[in-house]
């Protein structure tokens with residue numbers, strides 16, 4: 001990393017706000033932090049005395065835990081607030097919640113919320129740094145970054161790679177962050193899935209819409225499949241999970257169309273046998289658990305850069 | 001309420017779309033009515049005592065502006081707006097009459113609620129024409145008592161704020177409204193297509209991760225309303241048209257003789273969906289702000305007469321309803337005090353003549369709603385608006401008469417406004433710089 005580079009962001013609201021140089025810097029920082037998690041004593045004093053609040057207003061286990069482990073490995077004090085649904089469901093507005101939290105002088109608030117744009121609303125009403133841990137169907141930047149890190153680790157580069165993202169693109173904030181991130185870093189992104197789950201204007205985000213999974217996966221260096229949310233079946237988007245598995249699930253036969261050294265990714269949790277064949281999930285091409293490991297490193301890097309970075 | 005002393009407006013550019021008059025002249029108000037209006041000078045005219053003479057200095061004198069689509073929030077949500085504060089905002093914006101939609105709490109679906117609104121309007125700064133509900137409670141199940149509400153003062157019926165989903169119900173509403181000489185105003189939206197949407201469907205919504213409301217949600221319902229109007233032979237008025245497709249449907253229906261009229265609002269010809277920016281709830285409304293192509297189509301339709309009315313859809317909301325996550329925030333913006341300046345831009349752009357603008361904001365609304373006004377003619381009520389098309393000002397929150405501040409136009413530099421509003425012979429709004437003789 002260049003010595004005169006200063007990370008210019010106080011909040012991490014989405015990859016849409018980050019320049020390629022910022023993303024590169026975050027990835028390099030995370031790579032240097034990854035080793036800490038492999039020590040027997042997995043703790044450094046970097047963020048000692050800093051207060052991090054996990055404000056998870058939508059259920060989450062793995063992302064919340066990943067952020068908490070990241071913060072604790074940097075010696076920050078962490079506090080968890082959880083609540084189902086939106087802030088108004090509890091009778092308090094988001095802005096009031098923000099003001100109350102601000103009064104306790106935290107250094108960073110990590111927010112997960114079912115409404116798109118809510119991290120920005122929080123950031124406008126609080127002095128602390130804000131990290132978006134997933135907002136509605138908008139972005140999930142730390143997930144996008146850990147996916148970029150995992151790909152770079154396995155492929156040595158991102159520019160020029162062919163990345164296929166398969167599944168529910170419309171409702172997936174993971175897909176949105178990945179499309180933005182991979183495009184910014186010079187990869188070619190293709191998306192495929194049922195037409196009911198591909199949003200209008202996806203080309204404007206830089207992705208190429210393929211009419212079939214086969215077309216998207218052919219020659220791909222990275223195949224990323226997304227979790228199908230079973231609740232989406234209420235809206236007439238899918239006839240059945242069975243049909244989805246047959247036409248849009250990733251099977252060994254589909255995977256054989258990808259580049260010989262292609263890797264397979266999934267943001268988890270997996271519906272085994274729906275979007276992904278169980279044998280593939282546990283097979284040699286799967287980097288799914290590497291994604292989880294890298295998640296901690298990326299989140300350590302983000303906390304460091306917005307709170308303690310010098 | 002007694003009318004002020006008689007008023008003589010001199011050196012005004014008289015704009016009367018009904019007669020085609022566009023000339024410099026004078027107008028005399030006496031006992032709440034227009035008693036003289038003519039080109040030239042009032043020399044030789046017999047003038048009443050206690051006369052206030054106003055030198056209009058070439059400014060435009062129009063029949064009072066009429067807004068046929070506002071929400072006044074009384075009864076039920078007086079913290080957002082009352083009939084009195086809404087009428088004051090109307091007067092400040094150059095309006096002398098407004099038609100208020102029935103989605104109050106309780107809903108204006110009975111003569112009792114209509115009477116309550118009429119009582120609140122007595123002495124207000126603008127004439128208030130309540131719009132009754134089409135269905136009881138806006139539920140789309142039982143017809144509201146059109147006859148009783150008509151007797152109490154409603155001039156039109158609408159379930160505005162929500163569509164009438166059932167086509168048979170809408171057909172019956174059109175038929176029954178005919179018996180009581182009521183205009184049916186349609187909120188055209190297929191809510192199975194728009195449901196839970198927060199902004200226009202398209203690239204911007206995808207980028208922001210917001211569920212979209214497609215243009216076709218509006219267009220399908222406009223198509224149904226036009227078909228029902230044609231079938232029943234009853235007039236329909238389409239509220240807040242926002243898409244190029246809807247404009248096209250209205251244009252073609254009119255060409256084959258369907259009794260259809262339609263309105264749009266200044267935000268639909270001024271802003272695109274880009275105004276949502278990064279989740280700015282002041283740009284959240286329904287129908288949503290659309291694309292540049294839609295804006296171009298709306299502007300063209302105002303110029304060619306397809307859209308006959310500029311209304312505001314004035315929808316006051318408190319900070320409480322707007323300072324929220326975008327998806328949870330209330331729909332709607334205030335419009336009474338920004339409508340005329342924003343519409344005058346269309347004249348400056350060469351799209352409309354001053355006469356066309358006055359027709360869109362006064363003459364046509366009066367005709368469509370069958371209410372007095374809309375003309376500069378002897379014997380008409382003295383409802384007048386004096387417009388200074390060159391007046392420059394900043395549209396500022398602390399100068400608004402409305403109780404709410406939810407406008408995407410705050411802090412905009414604007415050109416042109418009403419400098420004098422006269423309703424029923426009484427001055428209801430006056431900018432200090434109006435010259436006095």
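The backbone N, Cα and C atoms fix where each Cβ goes, glycine too.
Annotation source TrEMBL lists domain 'Aspartate/ornithine carbamoyltransferase carbamoyl-P binding' at A:10-153.
Here TrEMBL flags A:62, A:63, A:112, A:140, A:143, A:268, A:269 as carbamoyl phosphate binding site. All protein chains shown were included, and the count of other CB atoms within 10 Å of the CB of residue A:140 (carbamoyl phosphate binding site) stands at 27.
Neighbour list (residue A:173 (L-aspartate binding site), Cβ cut-off 8 Å, at least 6 residues apart, same chain): A:134, A:135, A:136, A:137, A:138, A:139, A:140, A:143. Here TrEMBL flags A:90, A:173, A:227 as L-aspartate binding site.
According to DSSP, the domain 'Aspartate/ornithine carbamoyltransferase Asp/Orn-binding' (A:160-305) comprises 61 helix, 23 strand, 62 coil. Here TrEMBL flags A:160-305 as domain 'Aspartate/ornithine carbamoyltransferase Asp/Orn-binding'.
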Nonlocal neighbours by CB distance (under 8 Å) for residue A:63 (carbamoyl phosphate binding site), same chain, sequence gap 6 or more: A:112, A:133, A:134, A:140, A:142, A:143, A:295
Greatest inter-residue Cα distance in Å for the carbamoyl phosphate-binding set A:62, A:63, A:112, A:140, A:143, A:268, A:269: 17
Filtered binding-site residues - A:62, A:140, A:173, A:227 - keeping only those with Cβ under 8 Å from chain B: A:173
Least Cβ-crowded entry, counting other Cβ within 10 Å, from the binding-site residues listed as A:62, A:112, A:227: A:62
Residue A:143 (carbamoyl phosphate binding site), number of other Cβ atoms within 10 Å: 27
Inter-residue C-alpha distance, residue A:268 (carbamoyl phosphate binding site) and residue A:227 (L-aspartate binding site) (nearest angstrom): 7
DSSP helix/strand/coil residue counts for the domain 'Aspartate/ornithine carbamoyltransferase carbamoyl-P binding' (A:10-153): 67 helix, 27 strand, 50 coil
